[in-house]
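Novice: Just dropping this structure here.
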Number of protein chains: 4
Amino acid sequence: MPITPEQQAEIDALRASPRQTLRAVSEGMEEHLYKAYPVLDHGFVRVIDYMGDDAAICQAARVSYGKGTKSVQNDEGLIRYLMRHWHSTPFEMCELKLHVKLPVFVARQWIRHRTANVNEYSARYSILDREFYIPQPEQLAAQSVINNQGRGEALTGAEAERVLEILKGDAARSYDHYEEMISDEGKQGLARELARMNLPANIYTQWYWKVDLHNLLHFLRLRADSHAQYEIRVYADEICKLVADWVPFAFKAFEDYRMGGAALSAGALDCVRRMLKGEEVTKENCGMSAREWRELEEVLEG
Amino acid sequence: MPITPEQQAEIDALRASPRQTLRAVSEGMEEHLYKAYPVLDHGFVRVIDYMGDDAAICQAARVSYGKGTKSVQNDEGLIRYLMRHWHSTPFEMCELKLHVKLPVFVARQWIRHRTANVNEYSARYSILDREFYIPQPEQLAAQSVINNQGRGEALTGAEAERVLEILKGDAARSYDHYEEMISDEGKQGLARELARMNLPANIYTQWYWKVDLHNLLHFLRLRADSHAQYEIRVYADEICKLVADWVPFAFKAFEDYRMGGAALSAGALDCVRRMLKGEEVTKENCGMSAREWRELEEVLEG
Amino acid sequence: MPITPEQQAEIDALRASPRQTLRAVSEGMEEHLYKAYPVLDHGFVRVIDYMGDDAAICQAARVSYGKGTKSVQNDEGLIRYLMRHWHSTPFEMCELKLHVKLPVFVARQWIRHRTANVNEYSARYSILDREFYIPQPEQLAAQSVINNQGRGEALTGAEAERVLEILKGDAARSYDHYEEMISDEGKQGLARELARMNLPANIYTQWYWKVDLHNLLHFLRLRADSHAQYEIRVYADEICKLVADWVPFAFKAFEDYRMGGAALSAGALDCVRRMLKGEEVTKENCGMSAREWRELEEVLEG
Amino acid sequence: MPITPEQQAEIDALRASPRQTLRAVSEGMEEHLYKAYPVLDHGFVRVIDYMGDDAAICQAARVSYGKGTKSVQNDEGLIRYLMRHWHSTPFEMCELKLHVKLPVFVARQWIRHRTANVNEYSARYSILDREFYIPQPEQLAAQSVINNQGRGEALTGAEAERVLEILKGDAARSYDHYEEMISDEGKQGLARELARMNLPANIYTQWYWKVDLHNLLHFLRLRADSHAQYEIRVYADEICKLVADWVPFAFKAFEDYRMGGAALSAGALDCVRRMLKGEEVTKENCGMSAREWRELEEVLEG
């Protein structure tokens, strides 16, 4: 259970007190504010605050005095133009602040995106909760035999059982020992900043993460991609839903020009042109490596 | 006149339409939203949007589920502690978006602060207005004889008149020529992206500028400082007033720990310790350069 | 003439004194160090320093103890893989430091790329030189009638002559006045930080600009592109030549996957798939806007 | 043992092959290149590459054509001036690339400094080594009773023994289980990207970390400080030694103006002024909180 009743009461209190503002408001995002959307077994994503909406992108692109909107239709066209031609600065004019609860090994991947602001729960100052990510059986995958950094089939039978037994047992024991070490009942009690080193990477942490829309979309392009590790992809997928409701035009353009599209190399583009002229292009005569040819085939088959 | 009646009408329209939100609201900042505060002869600063308030700084520092506020008193204490100990990330959780109209030579100083998002009015795409910064007589300063990059006394008499005559005349002529070159009446008309090169650095430009509170305070520390060029300092001073109303606790802590304080070097600190022990410390025995000694004297005299 | 004899002597002195180092050395780049490559009428690009080479990209990708190179062939394959799959961090491990002399209006475009380090010649502290960019006749282009921020045909005849006359005359006059205002012969002399405001945007400035290879390639993708303004594109083109000699594998991959390739939207990709199946896809049935259809046609025609 | 004989041989090979370069060379830093300086029980810091030296800071500040050095004495004065007046951009013109081996919980603190380039050893792609940080007995500290995020006295006797027993035992067991889970002998073998979640935060990781001198000094100011956690401070201390040999003038100025100095708040400065006028200032009449008064006392006592 990601949220305690006390935490839920705090969230409900926040949602019960609308106030007046003169700022841009996104009705779609107001629906999501503060709510905890579950991800994995104990994690969540919550929107804490946002700045701007689709119109704010146009307003900044036009450096306008008023709303910047001429018409809804114009706005969508402008946003698509900006996305298509990599004019990124107007998208930077929207900002999102999330509260995320996530396993430490996911947090370590996530933090590589440096163009964001982060405040993480401090294990020097506070005591971590006893919550660990234990994969669902269908996610207990074997090492991929094709891709050195991917997953293959799910483990089965006794092997799967043994893995779950290990993960659960080690998590429980390490946390028991963590508690024992920091306890000052009848003894000194180890400093928290030291005791935390005994905890495994599937323990949950949490942070406030704030990012502008341009950098958020870049994050989503890499992390909502099928090559991303499953445990971070589910967070990206959840955030995609929130962004779709927050800035629908921008998100639609992102889907069309980034997620659903493809980047062709000079060699791949040459192959496509030859194909369209009726030439039979093959692995042998394509002029690219076997791997690049396979990737092009996948793109063209869809 | 920085704002036309049409622009003022757009601003009034935006201020006439409050909406409901569940987000953090700063009453102090709502008062300022969209209004154009004049700076220099044709410039202004306008708040377009903001994210967060004093409580949001504490909420992020505590990674909390609810407001993060225990009491107003606690919040102020926490904010002062964070500022004093250079914990910058909670301040990054607030964000400000401004619309600024400013002379190009001021914009060129301003843009050196890279940790912000910017959308500038495009002189490739649009035609610039005929508006130039002409200093007030008391700002027509001579080159400083002490400081290689500062100002001395104001110019007087015929010299001051001649400078104003030059600045006004060259601005008018260069703009007339700009208009003539881009005009396509009876001729082709030079491309705007080329014609703009004839315009001097005191022409006004404008941009949307978005920055987090931590980086904004860093900007203000450098640009609201007495060593900053007057023409950028007046913008920083105006922004200080807005920040004081937006996040009063954070701004007060900033004034106490950054603006009103002083950074002592190891050598200067050693001098102060010797003085407090009753020793007579002089330029000769202070162990620092003449310049550093003078700077310490200024700090201690206040 | 971009370089005085005294400056050339300083450059020659630097090139005459090789020293020993244990660091990675790029023979291709050593050839270019310190030399001033002319751009436009008075500008230049000079390499002041560099860090890393192709092997250093691989070394970082492998987090290796030694050179990180297994074989030259492996290195090229790895670099192509990293580029194709947007693994940008190994490219960030190379760094380039340039000295650039450029017109102010070009500098204003350039500085929008914020992920770089910059030290610009200070017109508060120093006096600017009397050097202005005056376009070659074939670059005196009219405003484009298709593209709001582009150029059309070159101006001809009397119109072209008049434009040159204006640009030269206004530059000369504004500089004469600049000199007159700052002169302290028999008068106070206006502060430099004020006098500079009278100078037009085609005056030359100069800066040291330092950037990592990943961000440099991003800059080159946007600025060596045919849609970039000519006056910044010639700088990007010159830098491309330097990068090609510095990190040949990385530059080749950049050409194949970024410059020479194309990003297809979901809609464009769908059109290509339909075409390859033999369907006749037209402007009418393509499912995209007229503009997007035209852009796709251009990509497929090459 | 942080380095295997094979790794040492690779390092020796790199140090045995000096080459010629025209770039700026720091003799002090050449001595350190590639060598592994041990930190903690299995960690190290190694310099992989550097760009620039003290003269390069001055060269950039002066935007010069040649070395930028007028005299060694002038250079030191300029560097001190730049440091004292927070002119940070010339320091950004030097760059350092390190290879660091460090426990994961230290890496998690370190990565909060976002203005750096990082390539970390991938536990999705590769298998981690069996190396864990086990503190020395004198570092097995109790939780501080004054400071919520600090350490107190070292644990003693049976409690210390028990903690070491836990840390060693849990590390060994979790690694045995990690190996068992990924093994594909007679079974499928769990994907590495999943198996790693069982490993505790004291396991060692390694990365290439590249940063400019300005941001490096900011990192060192925070992490070589007495309030930083011991396990990151020892890395910062080791890096300080390297920087002192690389850019001696800059490091000396850093020690004088940042590390050895003190930032006084407006209130603290007021107290110092009153003291120097002979007034007896006390906790009661100082006008600051008890905590701030104690901090001022510590500064003034030295």
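Even glycines carry a Cβ here, placed using N, Cα and C.
Just so you know, TrEMBL annotations are computer predictions that nobody has curated.
Sharing the features that TrEMBL gives for it:
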- C:THR89, C:ARG112, C:HIS113, C:ARG114, C:GLU120, C:ASP212, C:LEU213, C:HIS214, C:HIS218: FAD binding site (BINDING)
- C:GLN109, C:TRP110, C:ILE111, C:ARG112, C:GLU120, C:TYR121, C:SER122, C:ALA123, C:ARG124, C:ARG196, C:ARG223: dUMP binding site (BINDING)
- C:ARG223: active site, involved in ionization of N3 of dUMP, leading to its activation (ACT_SITE)
Novice: For the binding-site residues C:ILE111, C:SER122, C:ARG223, which ones lie near chain B, with a CB less than 8 A from one of its CB atoms?
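Specialist: Answer, by Cβ distance to chain B: C:ILE111, C:SER122.
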Novice: With the dUMP site defined by the record as C:GLN109, C:TRP110, C:ILE111, C:ARG112, C:GLU120, C:TYR121, C:SER122, C:ALA123, C:ARG124, C:ARG196, C:ARG223, how many Å span the farthest pair of C-alpha atoms?
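Specialist: 29 Å is the greatest Cα spacing among the residues binding dUMP.
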Novice: Could you state the CA-to-CA distance between C:GLN109 (dUMP binding site) and C:THR89 (FAD binding site) to the nearest Å?
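Specialist: The separation of the Cα atoms works out to 25 Å.
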Novice: Could you say which of the binding-site residues C:HIS113, C:ARG124, C:HIS218, C:ARG223 has its Cβ with the most other Cβ atoms inside 10 Å?
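Specialist: Of C:HIS113, C:ARG124, C:HIS218, C:ARG223, the one with the most crowded Cβ is C:ARG223.
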Novice: Where the distance is taken from Cα to Cα, which of the binding-site residues C:ILE111, C:SER122, C:ARG124 turns out closest to C:HIS218 (FAD binding site)?
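Specialist: Smallest Cα separation from C:HIS218 (FAD binding site) among C:ILE111, C:SER122, C:ARG124: C:ILE111.
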Novice: How far is it from C:ILE111 (dUMP binding site) to C:GLU120 (FAD binding site), counting Cα to Cα, in Å?
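Specialist: About 11 Å separate the Cα atoms of these two residues.
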Novice: Out of C:SER122, C:ARG124, C:ARG223, which of these binding-site residues is nearest C:HIS113 (FAD binding site) by C-alpha distance?
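Specialist: Minimum Cα distance from C:HIS113 (FAD binding site) across C:SER122, C:ARG124, C:ARG223 lands on C:ARG223.
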Novice: Of C:ILE111, C:LEU213, which of the binding-site residues has the most Cβ neighbours inside 10 Å?
Specialist: C:LEU213
Novice: What is the number of other Cβ atoms found within 10 Å of the Cβ of C:GLU120 (FAD binding site)?
Specialist: 19
Novice: How many Å separate the Cα atoms of C:ARG124 (dUMP binding site) and C:LEU213 (FAD binding site)?
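Specialist: With the alpha carbons as reference points, the distance is 32 Å.
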Novice: Within the chain of C:THR89 (FAD binding site), which residues six or more apart in sequence place their C-beta under 8 angstroms from its C-beta?
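Specialist: Spatial neighbours, sequence-distant, of C:THR89 (FAD binding site): C:ALA60, C:HIS214.
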Novice: Measuring Cα to Cα, tell me the gap between C:SER122 (dUMP binding site) and C:LEU213 (FAD binding site) in whole angstrom.
Specialist: 27
Novice: Looking at the binding-site residues C:GLN109, C:HIS113, C:GLU120, C:ARG124, which ones have a CB within reach of chain D, meaning under 8 Å Cβ to CB?
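Specialist: Sorted by position along the sequence, the hits are C:GLU120.
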Novice: Suppose we draw a 10 Å sphere around the Cβ of C:GLN109 (dUMP binding site). How many other Cβ atoms does it contain, all chains included?
Specialist: 19
Novice: What's the CA-CA gap between C:ARG223 (dUMP binding site) and C:GLU120 (FAD binding site) in angstrom, rounded?
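Specialist: So the Cα of C:GLU120 (FAD binding site) lies 20 Å away from that of C:ARG223 (dUMP binding site).
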Novice: How many angstrom lie between the most widely spaced Cα atoms of the FAD binders C:THR89, C:ARG112, C:HIS113, C:ARG114, C:GLU120, C:ASP212, C:LEU213, C:HIS214, C:HIS218?
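Specialist: With C:THR89, C:ARG112, C:HIS113, C:ARG114, C:GLU120, C:ASP212, C:LEU213, C:HIS214, C:HIS218 as the binding residues for FAD, the largest Cα distance is 28 Å.
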Novice: Based on DSSP, name the secondary structure state of C:HIS113 (FAD binding site): helix, strand or coil.
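Specialist: Going by the DSSP assignment, C:HIS113 (FAD binding site) belongs to neither helix nor strand, so it counts as coil.
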Novice: When you measure from the Cβ of C:SER122 (dUMP binding site), how many other Cβ atoms are you left with inside 10 Å?
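Specialist: Its Cβ shell of radius 10 Å holds 17 other Cβ atoms.
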Novice: Under a three-state reduction of DSSP output, how is C:SER122 (dUMP binding site) classified: helix, strand, or coil?
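Specialist: SS state of C:SER122 (dUMP binding site) = coil.
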